[in-house]
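Sequence annotations record features per position, and here TrEMBL assigns transmembrane segment to 21-45, 51-73, 94-121, 145-163, 175-195, 207-232, 244-268, 288-313, 344-364, 370-387, 399-418, 424-442.
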Amino acid sequence: SLGMFQHNLAQSSLKKGLNAIDITLLGLGIIIGTGIFVLTGVVAADYAGPGIMLSFILAGITCAFVALAYSELAAALPVAGSGYTYTYSTLGEIVAWLVGWGLILEYSVGSATVAVGWSAYLSGLLKSTGFHLPQALTAGPMEGGLINLPAMLIVGIITLLLIRGTKESARVNKILVFIKVAAIFIFLFLAAPSVEPANWIPVLPFGWHGVSAGTAVIFFSYIGFDCIATAAEETNNPNRDMPIGIIASLLICTLLYIAVSAVLTGVVPYSDLNNAEPVAYVLRHLGYSFGSALVGTGALCGLSTVILVFLFAQSRVFFAMSRDGLLPKSFSKVNAKTGTPVEVTLIVGTLVAIMAGLTPIHVIAEMTSAGTLFAFLCSLLGVMILRKQHPELPRPFRCPALYPMATLGIVFCGYIFSNLSVHTFMMFGGWLFVGLLIYLFYG
């Protein structure tokens, strides 16, 4: 199967054109989003208190172990499809199919959920200007509406953008990332002077258990750095640019997350943060009403970039699975003019839009985490097996101290995985079972 990869690589019809800065921005585009704008408050209030800073550090360290091993795979096998591709070349077809199946869950449920959040932020912003969208058009049938129109529209717009080409998408992504990071800095600048260190005591009101349970939830805040590796085939010099981009984006994100959570828990007592828009809430609390509208705008941009990268990654995973004959061949047709897999992008966009239009947001953020952790565990095993079985493979980037790094990654991921809820385990098990059945009958 390695020969097959090298053949695919030589044959690759996807356009190259991304550099290290593009990769870092792609990383920031996907990583900064739901986590920082939505989850920070809830986790501080219910799980960790000011200890949320430790939760972010723990999740960040875990991702660094995974990311370095991932970078070795991304540079050695720069083929579209990330976790799925790496597993295929090391653990074989059936495990790869399950990983691909888990990634489909992560990317599609993930982008639909984010689209619903996007819609909620939009309604909130419009409300503050006195314009009210009708309930029937902003909520699915399960929440007493008809259809969530804004959520479907944003998915549609982004799908069309992705069809135009990777370089165009990367350009729009750059602008959105800039606005989103600016919103975070505006928040820090306005709120930091009002920090009362007394609010940070006790640091661990819920004990260490609260920190680790918080990590399982906060892990969403980092989800997506694995998407960065899906762009390896479209990178000019993957050996140098991939690891730089992955590590740089992780580091920048972790620092921003710690700063935001320090300010949030320092300005108001952590127990007051129990809402889905903590950043806007704290600014209102301090009397900056324009600030909360500003951050709302930043959040809209932030969530748009997440949908963009999720849809990009999802279509590339389908593309890779179809290229290996596990999905219909039409899924890997590349349009000659745009250099993008148009058909598969349209199919993915349509499915996600339907999901976003009809399902409520609390439909399973944790499922996304489970799918991701599963793919990470398989990739970490894969990178160690690949070192052993194919030492001769040219490795433009070698992970320093691979075996201890990957082993630590497996331990940390397993630990976070064990902190997920029983309900999530059952649903994830069911999803994998359905995947196995499809594999047996189609694959």
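Glycine residues also receive a Cβ, built from the backbone N, Cα and C atoms like all the rest.
When each of 94-121, 145-163, 244-268, 399-418 is scored by its Cβ pairs under 8 Å to the transmembrane segment (21-45), the top-ranked stretch turns out to be 244-268. Ranking 244-268, 370-387, 424-442 by CB pairs under 8 A with the transmembrane segment (399-418) puts 370-387 at the top. Annotation: stretch 244-268 has the most Cβ pairs under 8 Å to the transmembrane segment (175-195), among 51-73, 94-121, 145-163, 244-268, 370-387.
Touching of the transmembrane segment (94-121) and the transmembrane segment (370-387) is concluded from the presence of at least three CB pairs under 8 A, sequence neighbours closer than 6 excluded.
Counting C-beta pairs under 8 angstroms (sequence separation of 6 or more), the transmembrane segment (145-163) fails to reach the transmembrane segment (51-73), with fewer than 3 such pairs.
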